[in-house]
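**Student:** Just dropping this structure here.
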Amino acid sequence: MQDDSTQQKKPLRAAALKRTFRLYKYVKPYWPAFGLGLLFLFISSAANLAFPKLLGELVDAAGGHRVTNDPHRINQIGLFLAGILIAQGIFGYLRIMLFVNVTERSLASLRQHIYNHMIKLPMRFFLNRRVGELGSRISSDISLLQETFTTTVAEFIRQLIIIVGGLVLLLHTSVQLTILMLTTLPVIMVIAFFFGRFVRRYSKLAQSQVAEANTIVEETLQGVLNVKAFANEFFEMQRYHKKIREVAATGMKTGKFRGAFAASMIVGVFGAMIGVIWRGALLIAEGKMDPGMLLSFVLYSSFIGGSVAGLAEVYASIQKSIGATEHLLEILDEPAEPVEEMTTVAPQDQLTGQISFNDISFHYPTREDQEVLQHVSFDIAPDQQVALVGPSGAGKSTIVSLLLRLYDPQEGTVRFNGKDATGFPLSALRSQMAIVPQDVFLFGGTIRENIAYGKPGAGTEEVKAAAEKANAWEFIERFPDGLDTIVGERGIQLSGGQRQRIAIARAVLKNPRILILDEATSALDSESERLVQDALEKLMEGRTSIVIAHRLSTVRQADKIIVLDKGQLVEEGTHEELVQMDGGLYRNLSEMQFSH
Ligand SMILES: Nc1ncnc2c1ncn2[C@@H]1O[C@H](COP(=O)(O)OP(=O)(O)OP(=O)(O)O)[C@@H](O)[C@H]1O
């Protein structure tokens with residue numbers, strides 16, 4: 001669980017700001033609207049500044065010391081004020097609308113750009129990141145930017161205009177009072193700085209504690225089955241209780257500083273106000289000032305005070321968005337895989353189904369010291385059925401990953417058609433292979449969508465034919481909604497065997513040159529097993545297939561069995577050949593499996 005406000009606050013540095021400006025390219029196409037928005041912002045802020053002055057004049061027109069009372073002028077000023085008010089409303093509305101439009105369009109393009117980039121990133125990128133975290137991070141980073149673009153930037157500009165313009169008008173109204181007011185500022189600033197630091201520190205702590213508490217809630221709800229199965233409800237309640245108590249304790253500590261902060265700010269601000277009004281009253285009494293001027297002065301001071309206070313918030317928010325931007329840029333700076341949209345595969349890139357591994361050594365980028373494959377070489381002829389067997393962790397799935405070029409080996413080459421795999425466009429390679437994984441991943445939509453994933457845009461007839469071939473049609477047909485049955489998140493509304501047959505139908509539709517099957521370890525009941533096995537056999541016909549076999553009973557008919565152990569290829573041959581080998585690993589494994 002991420003908490004927006006604890007994360008990614010970075011000090012404002014020139015370099016960071018400069019990097020942030022790289023995002024400007026997303027706003028650039030909309031700069032005329034943005035510029036117009038800025039102009040309106042300027043107008044509405046300036047109109048804002050006119051109010052205190054005019055209100056002061058209105059009061060004085062009623063009869064100050066130095067002005068004669070003048071009903072005509074009162075009405076004139078009143079009308080003028082109303083006019084400004086309306087203008088401000090209109091410009092304010094237009095400004096917000098323009099800013100929101102620009103922001104929404106820019107963010108849509110940024111979102112799309114980031115997603116497009118991220119989905120093309122190599123597996124290496126996803127290995128050391130938690131995917132859920134990545135997703136929520138990006139959405140919170142983008143919402144932060146959304147706020148910055150729509151409100152913060154505008155607020156910042158508005159506040160600057162008000163502070164600078166306000167100060168000029170204050171000086172114009174009364175130099176003496178301005179100096180008096182400004183002398184109180186340092187005191188208020190010191191108080192704000194001192195307490196503000198504590199408040200920030202404790203709020204940060206509280207936020208991270210809340211995040212920890214939320215993690216408990218999330219994890220236990222997601223894994224509620226485990227909690228219940230272990231009868232650990234009370235254990236979890238305790239764990240949550242402890243965290244929540246910590247949150248409350250920190251909150252109360254923060255409260256002390258927050259209270260002190262608020263109280264001293266109120267005393268400071270009102271103290272300054274009283275000082276100024278007192279001094280102003282004396283000036284009026286001395287005939288050096290009119291009541292209306294004092295009113296303008298006080299209003300200007302409060303405008304400025306409000307803007308200065310707001311500036312602190314704006315600063316924090318800009319800091320946060322710089323952090324967010326850096327994150328997003330980090331992702332954008334990761335080199336993507338050279339995947340491209342494939343409609344047809346060029347003739348020279350068409351796979352014959354011949355594959356060879358030549359002296360391949362490989363370690364995962366995250367674990368450099370663990371050689372997962374060591375000098376592995378083998379050849380697969382077109383249309384051969386090959387089984388990969390070996391103990392858990394031997395490197396079977398890794399071989400599949402290398403085939404799909406999810407990773408490239410550090411040593412040796414993978415070849416297709418006798419040609420180095422790197423010589424084919426990545427998407428051309430992958431588009432001619434299909435994998436039926438062990439853990440079938442279904443998307444949350446309908447059965448139809450899930451099958452058509454093998455060939456986006458496939459028509460009902462095609463989908464149906466694929467489902468029939470995969471022995472899936474008989475159960476799909478029995479659902480009232482047929483192909484339009486919703487499978488539920490990750491396919492939870494289907495049984496294991498049904499999920500597998502959908503994955504097979506998907507592969508049938510893709511009609512790959514090379515088929516990769518990761519046999520399910522969890523045994524299905526014999527009826528589903530037979531249906532799945534039968535569908536797989538039909539699917540394997542007429543193409544090269546590589547089966548990661550966990551149960552040796554299913555690999556007897558394979559043209560070739562490759563036996564791996566601890567990253568090395570230890571035996572290779574047909575079932576008959578391998579069972580002959582005295583002390584061979586395959587023979588051992590099959591004796592073990594068939595002895596019970
Ligand atoms: N993404 C990864 N990052 C680092 N190491 C990994 C990764 N995936 C697998 N490994 C390691 O590589 C080795 C081979 O794993 P692999 O998944 O290829 O084995 P396997 O033969 O398919 O095993 P199983 O039959 O249990 O699925 C294991 O020691 C594993 O810990």
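Cβ from N, Cα, C; glycine included.
In case it's useful when we look at the structure, here is the feature table from TrEMBL:
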| type | residues | note |
| --- | --- | --- |
| DOMAIN | 36-320 | domain 'ABC transmembrane type-1' |
| DOMAIN | 355-591 | domain 'ABC transporter' |
| TRANSMEM | 30-51 | transmembrane segment |
| TRANSMEM | 77-102 | transmembrane segment |
| TRANSMEM | 156-173 | transmembrane segment |
| TRANSMEM | 179-199 | transmembrane segment |
| TRANSMEM | 260-281 | transmembrane segment |
| TRANSMEM | 293-312 | transmembrane segment |
**Student:** Which residues of the chain, 6 or more past the ends of the transmembrane segment (260-281), have a CB below 8 A from one of its CBs?
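**Tutor:** Sequence-remote neighbours of the transmembrane segment (260-281) are 174, 176-177, 180-181, 184-185, 187-188, 191-192, 195-196, 199, 289, 294, 297-298, 301-302, 305.
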**Student:** Could you give the residue numbers and ranges of same-chain residues that sit at least 6 residues beyond the transmembrane segment (30-51) on either side and whose C-beta is under 8 angstroms from one of its C-beta atoms?
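**Tutor:** Same-chain contacts beyond the flanks: 81, 84, 87-88, 91-92, 94-95, 98-99, 101-102, 105-106, 154, 157-158, 161-162, 165-166, 169, 299, 303.
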**Student:** Need a quick answer: max count of Cβ pairs under 8 Å to the transmembrane segment (293-312), which of 77-102, 156-173, 179-199 is it?
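**Tutor:** Most Cβ pairs under 8 Å with the transmembrane segment (293-312) come from 156-173.
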**Student:** Can you work out the mean pLDDT of the predicted model over the domain 'ABC transporter' (355-591)?
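**Tutor:** PLDDT averaged over the stretch: 87.
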